[in-house]
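What TrEMBL lists as active site is HIS292, HIS341, ASP396.
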Amino acid sequence: MQAFRNLAARAPKATAKSVSSRCASTLKEVLAAQIPEKQASLLKLKKEHGDVGLGMVTIDQVIGGSRGIKTMMWETSNLDPEEGIRFRGLTIPDCQKKLPGYQKGGEPTPEALIWLLLTSEVPTKEQADMLTADLHARSKLPAHIEPLIRSFPKDMHPMTQFAAAVAAMQTDSKFAVAYHTVNKKELWQHAYEDILNVFARLPEIAALIYRCRYADGQVKKDLSLDYSGNFCRMLGFTDPTFDELMRLYMVIHSDHEGGNASAHATHLVGSTLSDPYLSYAAGLCALAGPLHGLANQEVLGWILQLQAEFKKAGKPVNKDTIEEFTLATLNSGKVIPGYGHAVLRKTDPRYEAQRQFALKHLPDDPLFHIVSTVYEVVPGVLTKLGKVKNPWPNVDAHSGVLLCHYGFTQHDYYTVLFGVSRAMGALSQLFWDRALGLPLERPKSVTPEFLWSQATKAK
Ligand code: HAX
């Protein structure tokens, strides 16, 4: 036990440092200074403790989507079933307190979070602003992207457009070129360039998709603003409270440790040394599934359907009628979107952060009241089913209602916003995957016959 304590004391801490202790000041310089130490630490861990076991894998886990199997190293965030997400050791309220905002006391900016995720250090306001300027400077899209988006059929789902446009930007990949020309130890520098360019360009791609599908197709930038403020202007929103919502939205959707499908897909595809554009396009395809990111679209659809059906039938919206509607959804063989989670076992703190925003800025919004009543009813109904491991709401149960309040009503677009945000976590980790030279991911699959033979032997 003492030996374990000594070892743990020597391990690098997964918590954010409050100020950069290094004299290097740009993001790339801070990272370049961290890489040798982290490489050495990982090598030591592998060499001296590589044979330490992390637990048994059961047949149930193999058949059941690998739940709980510890099989991936992810350093940007960690998800505790009871407590929820921590980004580099910081909870969402910690981030709200410690990360610089656009204005003093405001929501943290995505730029500050990118800095934290990449470096594990809380940036100063000056560092966050420097990153804003860097991202703005990198934001010009390759010439073929805008015509490509304009050429998509109007009824192509926004997530399909988004994934296709991100993949099409791969023509600009510095990593893909460098793979053929530089020593593999230097590849991280090119991954860094691609990753920052993806962060910088996603908002305009997303805005173009939105404006072409639902508005006049025109996108107006305001590079005097931060990343989120400029994104809101490009989408066509000008309310400063909506800008604050967008900052919060992007921060809380950014990362959720490595096993979720979008992060895992990005990491898996990246492990083949496919470049960051293609890797993140794969992540977006995973995010587009209704059991994952598309749930935010499904939630609003479900609430609007509830509202419309009740109005038609002259029914009031209350706990009893919502329970009836919930049971009808379950009886038709569908899930209740926005509820349940593969890891969490409590109300998602990302839901709670959005609820606090609603209580402050839109306490009387009728849709917010429905969301709050659904929260009072659905956990009890799901618990009674006896099979649902987590009856509590996840991040997607709340986001649509906040967006709707500010006039952002096109719910089939919502997952694109999630996709702009999730890039920050998935690609920050991809940076470290390349900087640490992590290998091709290739788990072992087994046949049903093998599982039966093991089951028989164990009897
Ligand atoms: N409504 C109805 N049934 C549900 C349910 C829900 N919200 N959540 C779980 N269940 C059911 C499962 O479908 C499963 O049923 P079967 O045995 O008949 O297949 C059973 O309960 C056990 O599932 P579980 O172990 O509790 O949950 P999983 O880890 O398998 O799945 C999911 C986790 C998130 C996919 C699941 O809770 C779900 O489908 N929720 C609704 C969709 C949703 O909100 N997805 C977003 C999740 C968060 C996220 O990734 N955001 O991007």
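Yeah, the Cβs are placed from backbone N, Cα and C, and that goes for glycine too.
These numbers come from a predicted model, not from an experiment.
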*By a simple count, how many Cβ atoms lie within 10 Å of the Cβ of HIS341 (active site), its own Cβ left out?*
21
*Please work out which residue of HIS292, ASP396 has the most C-beta neighbours within 10 angstroms of its C-beta, and give that one of the active-site residues.*
ASP396
*Can you check what DSSP calls ASP396 (active site), collapsed to helix, strand or coil?*
helix
*Could you give the Cα-Cα distance between ASP396 (active site) and HIS292 (active site), in whole Å?*
9
*To the nearest whole angstrom, state the Cα distance for the pair HIS292 (active site) and HIS341 (active site).*
9
*asked:* Can you tell me whether DSSP puts HIS292 (active site) in helix, strand or coil?
replied: coil
